[in-house]
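The annotation transmembrane segment is assigned in TrEMBL to 20-41, 371-390, 461-494, 501-523, 557-579.
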Amino acid sequence: MGLLSDPNRRKALTTLLTRLNTPICVVCYLAGIAWFMGLAFEPFTLRTYMSENAMGSTMVEERFPAGERALATGREFAGHKRKAGGMPVDWLVKTMQDRGLEVFTQSFSRTLPFPDENKERYMVRGINVYGILRAPRAPRTEALVLSAPCSPDNSNNQAVGLLLGLAQYFRNQIYWAKDIIFLVNEHDLIGMQAWLEGYHHTNISGMDYTPLQGRAGSIQAALSLELSSDVITSLDLILEGLNGQLPNLDLANLFHAFCQKIGVMCTIQGKLQRSDWDTAEGYTHAVQTMMLMVLKQASGRPWGDHGLFLRYHIEAATVRGVNSFRQYKTDTTTVGRLLEGMFRKLNNLLERLHQSYFFYLMPSLSRFVSIGYYMPAFGLLATILLLRALDLWVQLGTPTEVTEDGVGEVEPVSINNQGSFDSPLTHIYIDLYSKRHSTFQMLFISGEGTEQGWRVLKLVALLYLAVLLGCTALINFSLGFILAITLVPVAACVTPHLPKAVSALAMVLLSPGCTILYCVFIFQELQEAPVSLSEGWMLFLSVISQGILDHSLFGSLVYPLLALLVYPCWLLLWNILFWK
């Protein structure tokens with residue numbers, strides 16, 4: 001406080017920051033990138049731990065025995081699905097009723113704003129089938145959900161079979177304190193959106209659906225199951241939800257704990273955890289895993305049916321069976337026991353999961369980076385915008401007067417005894433206050449004060465971009481950080497005095513659209529599925545159309561954020577470059 005209250009010290013600090021503005025900005029940018037890349041280094045991360053006392057131990061005995069029977073049920077489901085040409089509703093209703101569940105159906109329909117080329121559909125109609133296992137030892141005020149999407153092809157039939165097998169097994173147990181809902185939703189996310197809106201009596205997407213005839217208690221947690229093969233080599237945990245939301249970290253910790261207990265190979269982002277963190281290969285592996293999570297979170301789309309639960313404050317995740325690591329094999333019985341153990345621990349909850357982190361990054365299932373560790377990386381990038389804005393503010397206090405020969409004369413800034421700036425800009429404010437608008441019109445309306453004009457415009461753009469990126473990073477750190485990497489250098493460097501052709505090319509290459517294109521190629525490389533330029537371009541167009549669809553169907557904020565808030569700021573910077 002003494003530094004800021006002393007006029008001489010404040011003047012010295014301002015002079016230092018303006019004189020070394022460019023070097024400090026370069027250091028901040030490099031430090032921000034280095035800080036982010038260092039987050040994947042294991043000594044800089046935290047080991048995961050269970051914060052919820054009710055789930056602090058995995059000392060439950062899992063006894064699910066019917067894995068082979070579940071696979072047989074899945075094959076029977078696939079046969080009825082082929083015969084019906086879609087969801088075998090009647091068969092599902094009868095099968096769930098035979099297992100002692102209260103069974104209900106929900107019809108829904110949705111007209112897409114334009115055809116979904118990825119799945120070749122425009123008018124979507126479907127039926128959700130769900131059965132409720134009532135809690136025998138509680139007042140039925142809380143519930144858990146186990147869901148399995150019914151895909152139009154032959155995928156995920158095994159998940160439906162396992163879901164029905166678990167329903168039959170759970171029906172014979174007496175320790176349940178929460179209702180358990182077994183949901184088979186058609187048309188993946190669209191069906192899940194219809195069911196959630198019907199369950200919570202909301203309609204935020206404009207979808208047509210029939211009201212739910214049966215309800216359970218308030219949903220505390222949910223798991224979505226995806227199995228597309230009889231042979232499972234590992235289980236992949238998917239956390240990224242709508243608009244970058246993540247479930248409580250304890251849900252991921254619970255999954256990892258039971259995988260270790262039962263001996264199931266588990267992955268995140270499809271990548272196994274490595275123990276050689278102190279080698280270049282181990283560090284690179286952790287960086288790739290973390291970057292995949294950042295790119296998925298930045299997309300704003302739900303990467304599994306669980307992603308739509310998060311907007312209702314329901315902690316949810318998707319467990320996906322993977323058949324890739326041939327040296328490991330996990331049978332369906334083991335997967336069923338893992339899900340049984342997780343549901344038994346969730347059944348013990350006395351309140352919603354809340355004691356662990358909601359904002360985090362995971363370079364592996366056993367390590368995480370909390371918000372207090374990764375936000376400084378963004379803060380260093382945002383500091384550049386504030387430093388450049390400070391520099392412009394001081395320059396505006398020393399306006400350039402253009403003489404007849406075109407040479408600018410700078411009037412120095414003086415600081416009075418009270419420590420405030422005494423400059424022509426101060427008198428501008430005085431004139432504005434006293435209703436004398438001639439100077440204001442010269443600088444901001446008539447366009448004659450060109451040097452002052454573009455500086456004022458850039459100052460506004462810098463402050464606007466700083467607030468925009470800051471708010472975005474608080475909601476979705478990954479999206480805010482990726483935008484900051486490309487937009488901050490443009491905002492910091494652009495002036496009308498730069499070479500127009502080279503600067504315009506640089507601005508286009510660092511525009512939000514090109515940023516999305518780069519992310520498409522990087523994402524494919526990290527998934528070890530590189531694409532050619534033409535394939536990458538088609539994927540880019542698909543990502544754009546999918547973003548618009550996600551906004552229309554589910555309320556994803558990435559498309560309106562880029563179109564209505566980020567691009568106008570970029571156009572302001574473009575206007576500064578071509579200022580006359």
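Placement of Cβ uses the backbone N, Cα and C atoms for every residue, glycine included.
No contact links the transmembrane segment (557-579) to the transmembrane segment (371-390), because fewer than 3 Cβ pairs that are 6 or more residues apart lie under 8 A. Tallying C-beta pairs under 8 angstroms between the transmembrane segment (461-494) and each of 20-41, 371-390, 501-523 places 371-390 first. If one looks beyond the transmembrane segment (501-523) by at least 6 residues along the same chain, the residues whose Cβ comes under 8 Å of a Cβ in the stretch are 291-292, 295, 298, 482-483, 486-487, 489-490, 494, 530-531, 536-537, 539-540, 543-544, 562, 566-567, 570, 573-574, 577-578.
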